[in-house]
Amino acid sequence: MTLKQAFDSALKHLEAADTPSPRLSAELLLMFSLNCDRAYLFTYPERELTADEQARYDEAIARRCHGEPAQYITGHQEFYGRDFLVSPAVLIPRPETEHLIEAVLELAPREVRWEVLDVGTGSGCIAATLAKEFPRMKVTAVDISPEALQIAQANAARLEAQVEFRVSDLLSAIEPGRQFDMIVSNPPYVGECEADKVQRQVKDFEPHCAVFGGERGMDIIKRLAPQVWEHLKPGGWFLMEIGYSIADPVHEIMRDWTNFKVVPDLRGIPRVVVGRKPTS
C-alpha cells in the first residue's frame, strides 16, 4: 500500500469514528509511523509502506478511532515552538496555555532574576518554557503526581531548562516563609457540571484530576489562591489559566489583588487572569 492509499484509508476510518480533526490525525500518525516530516508525505505519496510501517500505522489509527489522543499515541506535543514529551500521566499542552507565557513576557524583561513557581506543572511545559525564555529566572515547579513530575523532569532535561521540581499538593512542600516574585498555574478548572460538553478524548484519556476542579470548577482554585498570596512577595505577580465560565468567581476571590485583569484568547474567551499582591 502506498502512503497516499494508507492515508486515504485511515482518513475514512477516522471520519467513520467521528474523530475530531481526522485529516490532521491521519497525517500526524502517518508521520509518526514512518518517523518522517510532513514534507516527506507530500514528496513521496507513491512510496510503498513496509509491513512494519503498515502495522504501526494500523495500530495507531485503531487507537485514535477509539478516542485516544494522537499526542498520547506519538508521545509528543509542541508547545511554544518546542517539542514536549507527554503521557497519560499529564495533561496535553494546549495552544491556549501559550497565552499565559505571552502574559509573562508582557510583564517581565528577559533579563529578570525573579524566583518563579509553577503550581501543577504537569508536563512541565510552562516551567521549562519560562526557564528557556528567561535564562536568569530561578524556576521551581511542583505537582502532586510523581508520574507527572517524571515527564516534566525528562522534558526539562531534553530542553536543557534549569528547573527545580518537587512533589507537592499545591504549595504544601514549599518552605514556610519562602516567597516568590511570580507564581503561575494552569489548575484544573473545568466543572463536573460541564462534563457533558467536554470532548470524549479528554474525559476518557486525560488525567481527571488535571481537568476537573470540582462541581463548578473552583475547588482547587479556592485552595490555591490563599496559598499563592502567602508565598508571593509584596508586589509579586500571580498568573493563572482559567475557563470561560469562572472569570467572575475568580475575580471575587482575588478582590484584594491589584492590577487585576483578564486576558482573552484568540476567540475572545477569558483565558488568563493576572493579579498583583499589594506592596503594603
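Just so you know, glycine gets a Cβ as well, placed from its N, Cα and C.
Swiss-Prot lists GLY120, THR121, GLY122, SER123, GLY124, ASN186 as S-adenosyl-L-methionine-binding residues, and of the candidates ASP143, ASP204, ASP219 the one it assigns to that same site is ASP143. Listed in chain order, the residues near the S-adenosyl-L-methionine site other than GLY120, THR121, GLY122, SER123, GLY124, ASP143, ASN186 are VAL90, LEU91, ASP118, CYS125, ILE126, ALA127, ALA141, ALA148, ALA152, ALA210, each with its Cβ within 8 Å of the site Cβ centroid.
Excluding ASN186, PRO187, PRO188, TYR189 themselves, the residues of that chain whose CB lies within 8 A of the CB mean position for the substrate site are, in sequence, GLY120, SER185, VAL190, ALA210, GLY213, ILE220, ILE221, MET240, GLU241, ILE242.
Counting only same-chain residues at least 6 apart in sequence, those with a Cβ under 8 Å from the Cβ of PRO187 (substrate binding site) are VAL119, GLY120, GLY213, ILE220, ILE221, LEU224, MET240, GLU241.
Every protein chain shown contributes to the tally, and the Cβ of GLY120 (S-adenosyl-L-methionine binding site) ends up with 26 other Cβ atoms within 10 Å.
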